[in-house]
Amino acid sequence: MPLVFTETLRLFTPSQPRLVTGREHSDGPEEKQQFVHRVFGMADLLRLLLRVAEKAANVARVCRQEAPLFQLLVQEKTGDDKNKKFVQDFKTLADVVIQEMIRHDVRAQFPEMAGFIHGEESNKFENGLGESVTVTVCGTQEETAKLLASVLDGDNTAASLLARAIHQDPVTIEANTDGLTVPLSPSELGIWIDPIDATSQYIEGREEVLEEGHLFPSGLHCALVLIGVYLRSTGEPVMGVINQPFNYKDPAGGGWKGKHFWGVSFGGVNACSESRPKDGPGGGLSAVLSSSEKPVVKEALTSLCGPDKLIYASGAGYKILCVIQGLADVYILSEGSTFKWDSCAPHALLRALGGGVVDLAKCLQSNSGAQGHQTELTYHQPNTECKGADRWANNGGLVAYRDCSQLCSVMGALRGKL
């Protein structure tokens, strides 16, 4: 069984050294010192990612709560303005600002990771004057505001509001991982960032009151900040942080509050903020899909699960989170329409719970059945046959699962159908 920690978390500090549980050390003093340093780096990275994910969530909330930013978020350009070179759209700028903020903060604490922090968006824009602007986080709020104003065609009000959110420190995320130590250093790792997954739901902004144990297929809660950490040498996901910025509204102030999830999986260490879900009443397999999934897949899964156990939801990250939380048993996608930044973070959480995310096409072609590390998604190598963002697509589709026996059932139902 995976080792699961409680939701209230506190990371140890260098004054509380702890080594990997169950590992005996006969190394000399120099090797021991180096090993302890490596452990602290990994723990500090988790703490940092929880903090920057909350900063990112705050930026996402501010863009909806502050009227000048919200108007930019939802406006649709028409006529001559439709073709104007104005940051493509403000949603893209919000994505890039969050991505570059995370990149800035990680690089500041772990400079050895600088060349391995990847995101969905390019940070180069052209403003209405045709000027090329590279969006970065500057040393001060005022400098960042000035840079953003140059992208926003001189909209100083919006630029100042956005810069303030970027430079604002979040509330402290308490994290307790006593006993969790991983013998990896940041120099062995890379990061994938999805600044705002399910952006259409974020912009549409439909509000839902979430109920524990129930899947809500669309709404603001589908918009997630995803930060995944992978091992450079093998591409396996070893850490994931998910922040759900719009989890519930504060009854006192009326503002949105978020929820965070995290998982670590490497070697014999598996830890997660979520407990492994218990089997639901009545048994049977439940699957979450995109509403645009191929009819042949829907038909095969209807035969396997029954029509009442097929659920449709928005956002790739949210659908995998539903599997993590036990709101669905599996998530199946037959198209290559997701990317490494969509799946890396939740994949790490599923691994910590004993599950995973596999390449659907490779699984269907494999002689060894559904199981096997060779079919798990990896995150370190592009598809050289593709160009642009498609180099990092999950081209074979995917299946996210918690239990290998359920994965086998899905493969059995789909084999010969695709």
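Going from the start of the chain as shown, residues are counted 1 onward.
Keep in mind that glycine also has a Cβ here, set from the backbone N, Cα and C atoms.
Just so you know, TrEMBL annotations are computer predictions that nobody has curated.
In sequence order, ALA60, LYS91, ALA94, ASP95, ILE98, TYR202, ALA223, LEU224, VAL225 are the residues of the chain that are 6 or more apart from ILE196 (Mg(2+) binding site) and have a CB within less than 8 Å of its CB. The Mg(2+) binding site annotation in TrEMBL covers GLU120, ASP194, ILE196, ASP197, ASP342.
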Quick one: which residues besides GLU120, ASP194, ILE196, ASP197, ASP342 have a Cβ within 8 Å of the Mg(2+) site's Cβ centroid, in sequence order?
ASP95, ILE193, PRO195, ALA198, THR199, LEU224, LEU226, ALA316, GLY317, PHE339, TRP341
Would you mind checking how many other C-beta atoms are within 10 angstroms of the C-beta on ASP342 (Mg(2+) binding site)?
28
